[in-house]
Amino acid sequence: MAKAKYERTKPHVNIGTIGHVDHGKTTLTAAITKTLYDRYQLGEAVDFANIDKAPEERERGITISTAHVEYETPNRHYAHVDCPGHADYVKNMITGAAQMDGAILVCSATDGPMPQTREHILLSRQVGVPYIVVFLNKCDMVDDEELLELVEMEVRDLLTEYDFPGDDTPIVRGSALMALEDPKSEWGDKIVELFEQIDEYIPAPERDTDKPFLMPVEDVFSITGRGTVATGRVERGVLKVQDEVELVGLTEAPRKVVVTGVEMFRKLLDQAQAGDNIGALLRGVQRNEIERGQVLAKTGSVKAHTKFTAEVYVLKKEEGGRHTPFFDGYRPQFYFRTTDVTGACKLPEGIEMVMPGDNVTMEVDLINSIVVEEGLRFSIREGGRTVASGVVATIIE
């Protein structure tokens, strides 16, 4: 078979393995790279040992071990993350260190769903992983068809419990270890089948430039005779000169403004797009009517809120976090995009306190309304140092 030439035109998808300890996440990751290389001569085979000794990274001051591998199918290019320990998964998913467009839930056919299977599904729901495909592993060790069906049913029920479409979720039965030992075998076929399902079931993500425009305001200054300039990095979408946008957050109601100029590196542009650091010249806005912490956004695309639920990871003392627990009613600063806002934490019923190193679902009530959306990452700070990292799960008001 002729070697497929690598083209950057393939859609790129971020994916990861989740599931209980020792159910075979890392073995599957290795088996995927080996099988896809063996079958299509695409990507490169990565050894189990290289994935298992994942390097430590620091994301928002938190130490996380994550292995990154890349591979491709005939249709797509994938970036895949695998974490060695359960704590790494929790941190990774909450900080968004490795964004996932979809996940492969690995569940051992010999054990069925276990506590971390449940916890990873819950985390996926909380942090906004949109799609899950299931790989039922170690099927070479189970002869009983009824047992396999029972485990499948349990996994589907668990997915449904956390608002994933359990009945429609693709489940592929296989053996990562057997596929790793012989990618040409029928077990290798199962890896190919898994990716046929993933290619079809997990859509390629919408590109940042296709989303509605949003730019957090970082700084504001006035240019005599020209007006007020707001600077910041365009988070998503495209901004064209003469667009009418809204200034949202920290005020009672959003305010419509017209962008009369877009400047980048002291050059004037017709338009700016996601990733650009720009200055936007705003017509008819006084210097004192706009401040850091507000956002410029496509009219009607976002709202400012004060109350939401969040999934939060509290830094350990060794990570520079608190040395003591905090309690219900704790009032730290919440750092969103470019600004700190004070807020109160309401802990779930039955949870008295939260220890450094814990993860917890909490309700947050901010003193000022700012633009927050489901899936938005934030830090919790005390006196300028980060003590926790979180992600918005649901908006309350």
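Cβ from N, Cα, C; glycine included.
A quick note: this is a predicted structure, and the numbers were derived from the prediction, not measured.
Cross-referencing 82-85, 222-225, 226-229, 374-377 with Swiss-Prot places the feature region 'G3' at 82-85. Among the ranges 113-116, 137-140, 249-252, the one that Swiss-Prot lists as region 'G4' is 137-140. Residue ranges 61-65, 86-90, 256-260, 281-285 are listed, and Swiss-Prot annotates 61-65 among them as region 'G2'. Across the region 'G1' (19-26), the DSSP tally of helix, strand and coil residues reads 2 helix, 0 strand, 6 coil. Long-range contacts of the region 'G4' (137-140) within the same chain: residues 23-24, 27-28, 106-110, 148, 173-178, 187, each at least 6 residues beyond the stretch ends and with a Cβ under 8 Å from a Cβ of the stretch.
In the structure shown, across all protein chains, C83 is the one of the binding-site residues C83, C139 with the greatest number of other Cβ atoms within 10 Å.
Helix first, then strand, then coil: DSSP counts for the region 'G4' (137-140) stand at 2 helix, 1 strand, 1 coil.
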